[in-house]
Amino acid sequence: MFISLEGIDGSGKSTQARLLAERLRDRGHEVVLTREPGGSDGAEAIRRLLVEGDPDRWSAETEILLFNAARRDHLERTIRPALERGAWVVTDRFADSTRVYQGATRGELRGLVDRLHELVIGREPDRTIVIDMDPAAALKRGLARGSGEDRFEEFGLGFQEKLRAGFLALARDFPERVRVVDGMADAEIVAARVAEAL
Ligand SMILES: Nc1ncnc2c1ncn2[C@@H]1O[C@H](COP(=O)(O)OP(=O)(O)OP(=O)(O)O)[C@@H](O)[C@H]1O
Ligand SMILES: Cc1cn([C@H]2C[C@H](O)[C@@H](COP(=O)(O)O)O2)c(=O)[nH]c1=O
């Protein structure tokens, strides 16, 4: 089973991915807990190209290519082998992040995002949980954490609001696969909501 956690920056995806992996391991499953961009040696190298350094280094189109290159490597080296040996895969972000960050926020690039996904990736997770929360609260969590790594967090509240709308739209676009969970509660309560949704 292949599960992705999605949502805006600071919504609690990494926390929930970890808690879900623990819950599944407690039930005796082998679980591969992974993330994007990253999750394989090559994809982690591409992550550094994307999140470190001059934010204007890449054009919007090149950025989409890089996210897809990283995802292809992640799929080939980490996700597929794990699924083939019967493990569960829990990933903190997958292709929906590209749909939302690169596609939904820049409408004219949606076609490119969708065509590249079909060509290079060609599969979806079995289930996707969107952790939904108020962007102002999520931004506060991110700032409190003091993570300086994410150049994407620089865009601020207006951008996060667009992202939230993009993630909520996924549940309408992929009703069989995507469930939205309210992330505005203690982590353990949200974890129970995630388990219930799955
Ligand atoms: N339910 C929660 N209540 C309060 N704080 C939380 C909750 N979930 C996570 N946090 C805290 O909020 C911060 C962001 O959480 P986390 O890293 O899980 O989010 P994220 O969505 O993966 O963030 P990013 O996308 O920016 O990496 C962390 O400091 C984490 O400990
Ligand atoms: C997979 C993916 C990610 N991003 C952005 C979203 C985040 O702001 C950063 C790093 O992710 P993290 O969850 O904070 O580790 O990358 C993106 O724009 N497009 C994508 O496809």
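Cβ coordinates come from backbone N, Cα and C, glycine included.
Just so you know, TrEMBL annotations are computer predictions that nobody has curated.
Feature annotation from TrEMBL assigns domain 'Thymidylate kinase-like' to 5-191. In the predicted model, residues of the domain 'Thymidylate kinase-like' (5-191) average a pLDDT of 93.
The secondary structure of Lys13 (ATP binding site), as reduced to three states from DSSP, is helical. Of all Cβ atoms in the protein chains displayed, 23 besides its own lie within 10 Å of the Cβ of Lys13 (ATP binding site). The annotation ATP binding site is assigned in TrEMBL to Gly7, Ile8, Asp9, Gly10, Ser11, Gly12, Lys13, Ser14.
Proximity of the binding-site residues Ile8, Gly10, Ser14 to ligand 1, judged by a Cβ distance under 6 angstroms to any of its atoms, singles out Gly10, Ser14 in sequence order. Taking Gly7, Ile8, Asp9, Gly10, Gly12 as the candidate binding-site residues, the subset whose CB lies under 6 angstroms from any atom of ligand 2 consists of Asp9. In this view, Ser11 (ATP binding site) is surrounded by 29 other Cβ atoms within 10 Å of its Cβ, with every protein chain counted. Cβ environment of Gly12 (ATP binding site): Ile131, Met133, Arg141, Gly183, Ala187, Val190 lie under 8 Å away, each six or more residues apart in the same chain.
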